[in-house]
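Record features (Swiss-Prot):
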DISULFID  Cys64-Cys70  disulfide bond
DISULFID  Cys93-Cys103  disulfide bond
CARBOHYD  Asn164  N-linked glycosylation site
MOD_RES   Ser73  phosphoserine
SIGNAL    1-21  signal peptide
Amino acid sequence: RFTSAFSLGLLLVTATAFPTPGPLGEDFKDDTTSDRLYLTSPDKTEALIKYILGKISAMRKEMCEKYDKCENSKEALAENNLNLPKMAEKDGCFQSGFNQETCLMRITTGLLEYQIYLDYLQNEYEGDKEAIEAVQISSKALAQILRQKVKNPDEVTTPDPTTNASLMNNLQSQNDDWMKNTKIILILRSLENFLQFSLRAIRIK
C-alpha cells in the first residue's frame, strides 16, 4: 500500500535527519545531505502534509469512537489556555497578503512549537501509539524540509526549553480522563487546522 511504502521511505529519510528524539539543535541547522532533499519538491511536500493529515484524521476518529470526543469540545477551547500555535494574518500565509518567506518561517516555527504538544500526546494518548509517533517524526521532517526553502534559515527559532517546560506543566495539570481526552482532541484539531493552512499556502504561486 502507498501509505506503508511512504511511511518506510519517510523513516529512511528521517533516520539520518533526526538521529535522536530530542529537540532540534545543531543537527537541525547544518545538514543538507542529498537523502534529505528527497521530499523537497512541492508535490512531495504536499504528499507529506497529506500523510500527516491522514494520521491525524484516523486518530481523531479513534477518539470519537472510543471516548465520544467528536465535535462537542469546542467550548472547552476557551476554558483551556493551551497556547496552541495558530496562523494569523501577519504570518503571510493567507491568499490576501501572501508572503512566501514570512509564511515558510511561520510554518516551520509553528511545527517546532507543536513538538511539545506531540510529546504530551506520546505520553497520554492511549490509542495507536505508532500513529502519534509517525505524526511527530513526520512533522519534524516537514519542518526540516521547509527550513531548507527559507532564504535565511538561521532566523528560524526553536522553542525556548523553559517555555516548553512551562507548557508541559500546564498540559499535565487537571489531567483527569475527561480533561486529558479533551486536550488531546484539541491538540489534534489545532494541528490539523495548522497543516491545512500550510497545505493551502504552499500551493499559492
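Placed from the backbone N, Cα and C atoms, the Cβ positions cover glycine too.
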| Euclidean distance between Cα atoms of the residue listed as 'N-linked glycosylation site' and Cys103 (disulfide bond), Å | 23
| To which of the disulfide-bonded residues Cys64, Cys103 does the lowest count of other Cβ atoms within 10 Å belong? | Cys64
| field | Euclidean distance between Cα atoms of the residue listed as 'N-linked glycosylation site' and Cys93 (disulfide bond), Å | value | 25
| task | Write down the Cα-Cα distance for Asn164 (N-linked glycosylation site) and Cys64 (disulfide bond), rounded and given in Å. | result | 28
| said: Among Cys93, Asn164, the recorded positions in question, whose Cβ has the most other Cβ atoms within 10 Å in this structure? | reply: Cys93
| query | Under DSSP, is Cys64 (disulfide bond) helix, strand or coil? | reply | helix
